[in-house]
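In what follows, a single structure is set out as structure tokens and then discussed.
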Amino acid sequence: MRVKDVILENKGKEILAFSAKLIEAVLELMVPYVMADLINKGINPGNTTYIWQRGLLLVLLPFLGYCFALVCQWYASVTMQTVGTRLRSALFDQVNQLTLNQLNQVGADSLVTRVTNDTNNIQEAVARALRLASRSPVIVIGSIIMAYLISPQLSPIFIIAGLILGLAFTGITLNSNRRYQGIQHGLDRLSQVVRENLNGIRVIRAFVNQNTEIHRFQKENDHLVDQQIRVGQVQALATPISLSVVNIAIGLILYFGGRLVNNAYLMQGEIIALTSYMTSIFLALSVLVRLLVVLSRGFASARRIDDFLALPVAGEEQSASEKNSNNDLAQSTGPLEITFDQVNFSYSDRPLLSDLSFQIHAGEFIGIIGGTAAGKTSLVNLILAFNQKQSGEIMINGQAIESLSLKGLRQAIALVPQKAVLFKGSLRDNLKMDQPNISDNDLWQALEEAQAADFIKQDQGLDTRVDQGGMNFSGGQRQRLTIARALAQPSRAIILDDAVSALDFATEGRLRQVLLEKEQTLIMVSQRISSILHADKILVLDHGELVGFASHEELLATCPTYQKIYASQYPDSQGKGEA
């Protein structure tokens, strides 16, 4: 999908709006001509009947023009809102289909700017184009034609003035268009600074770093203001240039027209009509310049949105296999088996996982541990197809992950992310997610298993209000609620990505016991050896490489990386046996 495709979906309404404005412009062109006729044949000879006839026509023409303008306004407004709605929906759908890697490369701030500012620019461009794209050129060209019909001798003044104004406005528009891309990128950077400050406000204040951040914001803001001022300076030239050209042209019309009147080649009313047409050319070109400025912003925004919508979507590659029920995990039951065979994954040409090969048997409890930036979360993202591997094979129950439907894969694997994410609304809505028919009893069971029922019962139960980001709960409570959400899902494997770090040891122990009793494959990513001590196997990562995959006792004997982690957490231990 491209922006132009969305715009052309409303061709019928756009043609009606365009045509209505065209008729309104033609009616407007007739007014000076009728006025000249009224002066020459009505007022000068004192013909009262003719004055009334032409006077009524002068009232009727603007009224009809107003009616056609209303028709254009209506259809332009409807089209503008329809285009904006479709674009925002398309952008949001794209956000939900792209991999995490792609989203990180685009950036959250750039995404927000595209959905809001860029979409608004396109809406305004569509509305202005429908209202003015037909009217302004018709007024300019029509005024020159009418001037020629009235006085061929004076028509060169109109042609030359029109060419000078057209060239000046074209140069101003082209110069502005080049700068609007920079303004859009400047908005992205400014949004990024604001967003980072809002997210990290506690850290900034804790380290008394407000002045640095204020300076950082001011620098980006000044850069954006400088770009906007430069555009404004260029566009400000339009008014003095156009006024100078029009005033000179009107002066020439009055001078040479007066001589023609004296020589009986023109009448007084025709001079008035000619000056009206010159003024109409000026006003129409001024409006056209503003239209071109808006269109410039719209084209710049359309290119940004097209670039985003053109990103390859993993879901499109899945469309054929989603129709193949034989490759859907929903057709089988029981814990999942997961196999990695020489898997490699990179982010922005930086290797994160290298040559990973291991097998997780159905129903096993697998721990994953490693230092900072070891690749633990990247591994989890590959299992859930949030990111796409560069090479190697990932098998789920013996089937290549590419052959599985994304929906079926993610329904079969419940994830508790590293950062506890809750959405504004009720607790019930947060726990249900994509399960509208799940009962309250099942939700309470999930809360009990996640060790979260006690503090929820003390509030309003499942109707407990959740603030944005779950900020009305403590860190440990948020973690337990996200675990409850995963347990409420009828999954065949559950992954906890360092999701118990805020729990005390007793609560974590009870939770782990509940998880081990379920008929699921359990994968627990943790920084704490105590959390995964009793796992069937522990997968040890070091800078994206698999350096160990065995039980706790075997790793203590054979894996130097695991030994270092163990020694750092249990300095008084001899490194043998139980922690």
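Each Cβ is built from the backbone N, Cα and C atoms, and glycine gets one as well.
As recorded in TrEMBL:
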- 15-297: domain 'ABC transmembrane type-1' (DOMAIN)
- 15-35: transmembrane segment (TRANSMEM)
- 55-76: transmembrane segment (TRANSMEM)
- 132-150: transmembrane segment (TRANSMEM)
- 156-174: transmembrane segment (TRANSMEM)
- 237-257: transmembrane segment (TRANSMEM)
- 277-295: transmembrane segment (TRANSMEM)
- 338-568: domain 'ABC transporter' (DOMAIN)
Spatial neighbours of the transmembrane segment (156-174) not adjacent in sequence (6+ beyond its ends, CB under 8 Å) are 140, 143-144, 147-148, 234-235, 237-238, 241-242, 245-246, 248-249, 252-253, 256, 277-278, 281-282, 285, 288-289, 292-293, 296
For the transmembrane segment (132-150), which partner among 15-35, 55-76, 237-257 gives the most CB pairs under 8 Å? 15-35
Averaging the pLDDT values of the domain 'ABC transporter' (338-568) gives 90
